[in-house]
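> Feature table excerpt (Swiss-Prot):
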{"type": "BINDING", "residues": "Tyr18, Cys62, Asn67, Asp99, Leu100, Ser132, Phe133", "note": "S-adenosyl-L-homocysteine binding site"}
{"type": "BINDING", "residues": "Thr25, Tyr150, Gln153, Trp154, His219, Phe310", "note": "theobromine binding site"}
{"type": "BINDING", "residues": "Asn171, Phe259, Asn260", "note": "Mg(2+) binding site"}
{"type": "SITE", "residues": "His147", "note": "site 'Involved in substrate discrimination'"}
{"type": "SITE", "residues": "His219", "note": "site 'Involved in substrate discrimination'"}
{"type": "SITE", "residues": "Tyr263", "note": "site 'Involved in substrate discrimination'"}
{"type": "SITE", "residues": "Glu321", "note": "site 'Involved in substrate discrimination'"}
Amino acid sequence: MEVKEMLFMNKGDGENSYVKTSGYTQKVAAVTQPVVYRAAQSLFTGRNSCSYQVLNVADLGCSSGPNTFTVMSTVIESTRDKCTELNWQMPEIQFYLNDLVGNDFNTLFKGLSVIQDKYKNVSCFAMGAPGSFHGRLFPQNSMHLIHSSYGVQWLSKVPKMTSEGGLSPPNKGKIYISKTSPPAVWKAYLSQFQEDFLSFLRCRSPELVPDGRMVLIIHGRKSADPTTRESCYTWEVLADAISYQVSQGLIDEEKLNSFNVPYYIPSQEEVRDLVNKEGSFLTEFVDTIEVELEGIWTGPENGAKNLRSFTEPMISHQFGEEVMDKLYDKVKDILVEDCKQEKQSTRGVSIVLELKKKESHLS
């Protein structure tokens, strides 16, 4: 099974669903609202702004949670405020909600009533746009604003890595970059991220209109070292829980040693270098922010549910649905011990970018 067929958040609205456990990304969405607001307003300073009848906005990797509704609200209010200021007629707004085909679009669409009830006097529409953002999604010159939050760090495939001499698994006992991983593991992850992010930018450039904007919020790190606790904590906890299941005979060790997550947590420098290398965009704004996890991840039970909501589909595909309850119970136990020793992660790091399509890359 390809990565794109098993990458989706837990569906529905049960206690382990993404809808009920997306508190951290909701917090990030709230903190980054000013960037989205400013990007939407900047569309009305370009050469084509007077002719807007319809504003096309895409949210890539929207999932099924309420975060996309925060983005929609921000764009609507920003557009309305700017049109009021300029005494212009407000355009209709068409939202394209994108994610992979396994996404729970039904739950997403049910939640749209929040937007419809809140903005009854605004002409706005929404439609699903299933597909991978690692390829083209929209026609040329069709999008005015593209937004993606906590999507771009997901890779199109698991990085290819080989061990020295080929005698043992290259990342034995781990599922992501760690202190014990050989340098080849980091190099493989970085190489795959570079390939995917460059492809992402190349696909978005022709889709955007002249002066079009793109806002990206990416799970990131502050340190140049990819093995710091801020980068690896989530995956270390999960790897330890899986290793425990192996020791109990519930999971085959080979399944652990052959599994690595298709996910990379970049630094701001790595992201900026790739934007500059690809060359289609001007960086209007870039920052690295920290969001406190108090009340979201620091409670062991909440932390385990959060982790389960966005990892269970791919973890169950590799290790089997029958061990999931015991596995995430062990995650909770590990978080309890880490809390006692004050070893748990207390804040999350995000890289925030606002990009503008360059004049020299107009389609």
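The backbone N, Cα and C atoms fix where each Cβ goes, glycine too.
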> Of Asp99, Glu321, which of the recorded positions has the most Cβ neighbours inside 10 Å?
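Highest number of other Cβ atoms within 10 Å: Asp99.
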> With the theobromine site defined by the record as Thr25, Tyr150, Gln153, Trp154, His219, Phe310, how many Å span the farthest pair of C-alpha atoms?
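Site span for theobromine, by Cα atoms: 15 Å.
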> Spatially speaking, which of the recorded positions Thr25, His147, Gln153, Trp154, Phe259 is closest to Cys62 (S-adenosyl-L-homocysteine binding site)? Use C-alpha to C-alpha, please.
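It is His147, whose Cα lies nearest.
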> Cα within 10 Å of Thr25 (theobromine binding site): which of the binding-site residues Asn67, Ser132, Phe259, Asn260 qualify?
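If one measures from the Cα of Thr25 (theobromine binding site), the binding-site residues that come within 10 Å are Asn67.
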> Report the same-chain neighbours of His147 (site 'Involved in substrate discrimination'): residues 6+ apart in sequence with Cβ closer than 8 Å to its Cβ, ordered by sequence.
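Sequence-distant Cβ neighbours: Val36, Val57, Ala58, Asp59, Leu60, Val71, Met214, Val215, Leu216.
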> Give me the CA-CA distance between Gln153 (theobromine binding site) and Phe133 (S-adenosyl-L-homocysteine binding site), in Å, as a whole number.
12
> Same-chain residues six or more away whose CB lies under 8 A from the CB of Asn260 (Mg(2+) binding site)?
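Residues satisfying the criterion: Val158, Pro159, Met161, Asn171, Lys174, Ile175, Tyr176.
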> Between Glu321 (site 'Involved in substrate discrimination') and Asp99 (S-adenosyl-L-homocysteine binding site), what is the CA-CA distance rounded to a whole number of Å?
23
> Distance between Trp154 (theobromine binding site) and Phe133 (S-adenosyl-L-homocysteine binding site) at the Cα atoms, whole Å?
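With distance taken Cα to Cα, Phe133 (S-adenosyl-L-homocysteine binding site) is 10 Å from Trp154 (theobromine binding site).
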> Ranked by the number of other Cβ atoms within 10 Å of their own Cβ, which of the binding-site residues Asn67, Ser132 ranks first?
Asn67
> Which one is it, among the binding-site residues Leu100, Ser132, His219, Phe310, that lies nearest to Phe259 (Mg(2+) binding site) by Cα separation?
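Nearest listed residue in space: Phe310.
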> Cα of Asp99 (S-adenosyl-L-homocysteine binding site) to Cα of His219 (theobromine binding site): how many Å, rounded?
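Each residue's Cα considered, Asp99 (S-adenosyl-L-homocysteine binding site) and His219 (theobromine binding site) end up 17 Å apart.
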